Amino acid sequence: MHPEQQYLELLRRLIAGGDLRLDRTGVGTRALFGYEMRFDLARGFPVFTTKRVYWKTAFKEMLWMLSGGRNIRELLQQNVRIWTDWPLRRYREETSDNLTQTEFEQRIVADADFAARWGDLGPVYGAQWRHWKTSDGGEIDQVAEVLRLLKENPSSRRIIWDAWNVAELDQMALPPCHKQYQFFVSSDGRLSGACIQRSVDSLLGLPFNIANLALVTHLLAEQSGYRVGEIVWYGLDVHLYSNHLEQARTQLERQPRIFPSLKIRPGVTSLFDYRIEDIDLVDYDPHPPISAEVAV
Ligand SMILES: Nc1nc(=O)c2c([nH]1)NC[C@@H]1CN(c3ccc(C(=O)N[C@@H](CCC(=O)O)C(=O)O)cc3)CN21
Ligand SMILES: O=c1ccn([C@H]2C[C@H](O)[C@@H](COP(=O)(O)O)O2)c(=O)[nH]1
């Protein structure tokens, strides 16, 4: 069985038997509670092929999170527009100025003060991963700690970073969805990575989340001298937005193709020094893109 069938099976189950519910965005979803997928990274890089996944966009987002980023300016400077809707909505509500999305994005890139005021998402993923605040005024770099444990104590059962900082949830543009990562080194020297995702937009978010979990597992393996093992992904409220049904049906008519392979430029000496130019996917031959509206 092609491993992407796990994803197509999820879409099938959501369409056929998902619980119909009204959600925060007002769009409405079909949802199920609890789903697991596993991908053996030795069998190719798990970027879905039944539609074109914009993996560079996803990877840029992951590198931004690893850098501790929390402002959309650094994303927009690389033409990544997937996070604009949330700050834009706040800007419109608080100023009643009706800039278009493009005008807003141009202003964020051109004007650092404007970006500091309006482009900040609050202490989201990267801020928690790299700068978790402690009660004595210090901060914890959870990713550096994961790297240290991978090297010094690979059998540890505490190789985790977590973005679910309860005390700061109200300052975040959106509470974290992929909220926890854990890593595991097997006795044959393979690094596996897992992610727990509390809320899953199965059409738009999930393909990015899987690719990014695979990417970060590869990068950590590279930096700590292991081969790659598996990724394991657990979704909880896993949903299909009601305006994504047609797209999901289109995708289900297609046959998965062979997964590409990931190439990482050797010689980068720190996890935090990777740039998008250092990473490539070879032989990615997906079906055509499928466009869809994101629920804000
Ligand atoms: N409803 C919802 N779904 C999400 O997946 C999601 C959120 N909200 N809020 C926060 C982030 C933003 N994410 C997003 C937002 C948009 C796309 C999106 O529009 N993707 C298109 C175009 C990608 C591109 O422009 O490069 C796609 O076809 O994948 C993907 C992930 C993931 N997260
Ligand atoms: O990486 C991500 C980020 C977000 N999502 C989706 C999951 C939900 O559809 C929304 C978040 O809404 P909540 O009401 O906060 O659950 O964004 C995703 O799939 N992947």
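Note: Cβ is positioned from N, Cα and C throughout, glycine not excepted.
For reference, TrEMBL has these:
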- 5-296: domain 'Thymidylate synthase/dCMP hydroxymethylase' (DOMAIN)
- R24, R157, R158, R198, S199, V200, D201, N209, H239, L240, Y241: dUMP binding site (BINDING)
- C177: active site (ACT_SITE)
- C177: active site, nucleophile (ACT_SITE)
- D201, A295: (6R)-5,10-methylene-5,6,7,8-tetrahydrofolate binding site (BINDING)
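This view paints the features noted in TrEMBL onto the structure.
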| residue | record | Cβ within 10 Å |
| --- | --- | --- |
| R24 | dUMP binding site | 10 |
| R158 | dUMP binding site | 9 |
| C177 | active site | 20 |
| S199 | dUMP binding site | 20 |
| D201 | dUMP binding site | 22 |
| H239 | dUMP binding site | 27 |
| Y241 | dUMP binding site | 23 |
| A295 | (6R)-5,10-methylene-5,6,7,8-tetrahydrofolate binding site | 19 |
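Across the fold, the C-alpha of R158 (dUMP binding site) and the C-alpha of C177 (active site) stand 21 Å from each other. The shortest Cα-Cα distance from A295 ((6R)-5,10-methylene-5,6,7,8-tetrahydrofolate binding site) to any of the recorded positions (R24, C177, S199, H239) is found for R24. Mapped onto three states, the DSSP output places H239 (dUMP binding site) in strand. The 6 Å Cβ screen around ligand 1 retains D201, A295 from the binding-site residues R158, S199, D201, H239, A295, ordered by sequence position. Here C177 (active site) is positioned 14 angstrom away from R24 (dUMP binding site), judged by their C-alpha atoms. Reported as a whole number, the C-alpha separation between H239 (dUMP binding site) and the residue listed as 'active site' equals 13 Å. In this structure, the C-alpha atom of D201 (dUMP binding site) lies 10 angstrom from that of C177 (active site).
Taking the Cα atom of each, Y241 (dUMP binding site) and the residue listed as 'active site' are about 16 angstrom apart.
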